[in-house]
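Worksheet: one structure, shown below.
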Amino acid sequence: MAFSTRLASSLRPNPAAVHRAAPRQRRGLSTPQGSEPSFNLGGIFPPLATPFSPTQEEVDCAQLEENLRRYASIPFRGLVALGSNGEYPYLASHERVELVSCVRRALPRDRLLLAGSGCESTQATIKMTVSMAEAGADMALVVTPCYYRGAMTTAALVHHYTEVADASPIPVVLYSVPANTGLDLPMEAVITLAQHPNIIGIKDSGGDIARMGLMVHKTRQEDFQVLAGSASFLLASYAVGASGGVCALANVLGDPLCQLDHLCRKGRWQEARDLQHRLIEPNMAVTRRFGIPGLKKAMELFGYYGGPCRAPLAPLSPAQVEELRGTFSANGWL
């Protein structure tokens, strides 16, 4: 059935009830005392894979809802729709909005929904952010514009994000993913933007722990939180004060990642380290090694719907599938 025909209008959740939940205790983390955030991002967020029909022509809302039904039993803080793992550059604008509507309708009301609304121009990003808010997103995840990366100076990026945040009806989370964009959001820009009342955090996928720790330190007086962008460095990110993680691997191993989050918050660092070690190779397999096709195939190995990617992303070869399976087996997950 066509994705658009499955959509129905739905009421937005009460944002006050969702956003202003009391932050969880952060014992064992290097977070300044007495700095409770207005918006609690503490915990694990899977960046959802977008399920397509076998022909890749349509988003398969039914399969998405089935995945979400299974995720409902995992103690995620929330979900991210249309992050890099959601193949958002391959979706039309109306598909992006419809997908967020579908997720919001199926998502428990106590779970946050972050929606990727970044576009290359400021004007288009503002329009998409407003549309995401209308579709039910609680927060907008805004990736750095990068096509003209040589012109993306600190001043240009501060202006871009300030304009978006000024116009956005929902809070904005910055998104730096240099592996995909070739552009790190400069530290100076992050520090400046953290002072904006409608910019509440950043997802940093670069993996530079010193940079993440400095972000936490330099924004400690602001209502601003840092999210790790990968499961491979989640423990290290928590050790320098990150609030949570947006991790591709959570689509596959959601419970173990939530357990790692729990262990870090309790200060049980030896157990956390042992678990972190078993997650690094599987995470690298579904990110750097095999990318989104590997993530979707891994989801299928664990009973979720992965399905095809949109071309030009190609499926794994049989040999690659066996290598992927072996990576999860060698670390005790299969």
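Cβ atoms here come from the backbone N, Cα and C positions, even for glycine.
For reference, TrEMBL has these:
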ACT_SITE  Tyr175  active site, proton donor/acceptor
ACT_SITE  Lys203  active site, schiff-base intermediate with substrate
BINDING   Val246  pyruvate binding site
COMPBIAS  1-12  compositional bias 'Polar residues'
COMPBIAS  28-38  compositional bias 'Polar residues'
REGION    1-40  region 'Disordered'
CA pair the residue listed as 'active site, schiff-base intermediate with substrate' / Tyr175 (active site, proton donor/acceptor), Å rounded to integer, equals 5
Within 10 A of the CB of Val246 (pyruvate binding site), the number of other CB atoms across every chain shown is 29
Between the C-alpha atoms of Tyr175 (active site, proton donor/acceptor) and Val246 (pyruvate binding site), the distance in angstrom, to the nearest integer, is 11
